[in-house]
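Colleague: Can you keep this structure in mind? I'll have questions shortly.
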Amino acid sequence: MGLSPVGDGFRGFVGEAFTMRFIPSREDIDPVGDPYRTGNVLQWEAVESVGPRQVLVVDSRNDTSAASAGDMLLTRAMKRGAADFVTDGAFRDGAAIAALGFPAYARATTATTRPAAFHVADLNAPIACANVAVHPGDILVGDRDGVIVVPRSLAAGIARPSVEQERLEAWLHQRVRDGEPLWGTYPPSAETLRAYEAWRSAHQEHQNQEARA
């Protein structure tokens with residue numbers, strides 16, 4: 001999605017999308033000030049509705065001129081068990097967010113508050129975040145390199161092969177660290193794949209023996 005995590009104290013995440021969509025603000029309905037007076041409280045409703053292992057995903061129209069949220073809202077989302085907060089816009093309070101140890105992805109940081117540029121139009125509807133279609137309930141996975149979106153209908157079929165691919169690449173990486181050349185190792189040749197299958201079978205048998213002990 002082309003977004004980067006805020007700060008260095010980062011851990012990966014996986015969670016279901018809870019979406020929020022911004023449109024340009026208008027002075028007559030989005031005055032900067034008391035949200036209770038203006039009635040523009042959808043952003044608070046989103047944070048107070050997000051559940052455990054869900055990801056707040058904001059369609060900020062790739063606009064970083066004002067913040068999608070700041071450390072107060074991210075702290076509350078974290079306390080509610082949210083897996084992450086992702087925006088294609090910006091966050092306020094970058095240093096404070098980085099100190100939370102909570103995954104948060106954005107294009108930039110800014111000092112400008114949201115109502116200066118954005119009105120929250122709706123929640124839990126299909127959105128475009130970083131020009132990627134995100135539907136409520138889609139699965140988001142993030143690490144230091146960025147975020148990907150997995151359509152919910154495909155997630156179950158992708159999960160097991162993905163775990164197996166991670167296991168294979170970890171094994172190949174260890175072989176390279178042990179001094180094996182790239183030729184035949186990465187990408188793996190048929191002979192290397194046979195060696196991997198033999199290792200995997202032996203490793204699984206060892207785990208089974210430990211479980212029976």
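Just so you know, glycine gets a Cβ as well, placed from its N, Cα and C.
TrEMBL feature annotations, pasted as is:
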- Gly70, Asp71, Met72, Leu73, Arg92: substrate binding site (BINDING)
- Asp93: Mg(2+) binding site (BINDING)
Colleague: Across all protein chains in the structure, which of the binding-site residues Met72, Leu73 has the highest Cβ count within 10 Å?
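Modeller: Of the binding-site residues Met72, Leu73, the most buried by Cβ count within 10 Å is Leu73.
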Colleague: Ten-angstrom check, please: count other Cβ atoms within 10 Å of the Cβ of the residue listed as 'Mg(2+) binding site', all chains counted.
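Modeller: Step by step: centre on the Cβ of the residue listed as 'Mg(2+) binding site', count other Cβ atoms within 10 Å, giving 21.
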Colleague: Beyond the listed site residues Gly70, Asp71, Met72, Leu73, Arg92, identify every same-chain residue whose Cβ lies within 8 Å of the center of their Cβ atoms for the substrate site.
Modeller: Ala67, Ala69, Leu74, Thr75, Phe91, Asp93, Ala96, Ile97
Colleague: How far is it from Asp71 (substrate binding site) to Asp93 (Mg(2+) binding site), counting Cα to Cα, in Å?
Modeller: 6
Colleague: Do you know offhand how many angstrom separate Leu73 (substrate binding site) and Asp93 (Mg(2+) binding site) by C-alpha?
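Modeller: Computed Cα spacing between Leu73 (substrate binding site) and Asp93 (Mg(2+) binding site) is 11 Å.
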Colleague: Sequence gap of 6 or more, Cβ distance under 8 Å: name the residues on the same chain that satisfy this around Arg92 (substrate binding site), in order along the sequence.
Modeller: Ala67, Ala69, Gly70, Asp71, Thr109, Thr110, Ala111, Thr112, Thr113
Colleague: Given that the record lists Gly70, Asp71, Met72, Leu73, Arg92 as binding substrate, what is the largest C-alpha to C-alpha distance among them, in Å?
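Modeller: This binding site's residues have a maximal Cα-Cα distance of 10 Å.
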Colleague: Work out how many Å separate Met72 (substrate binding site) and the residue listed as 'Mg(2+) binding site' at their Cα atoms, rounded off.
Modeller: 9
Colleague: When you measure from the Cβ of Asp71 (substrate binding site), how many other Cβ atoms are you left with inside 10 Å?
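Modeller: There are 21 such Cβ atoms around Asp71 (substrate binding site).
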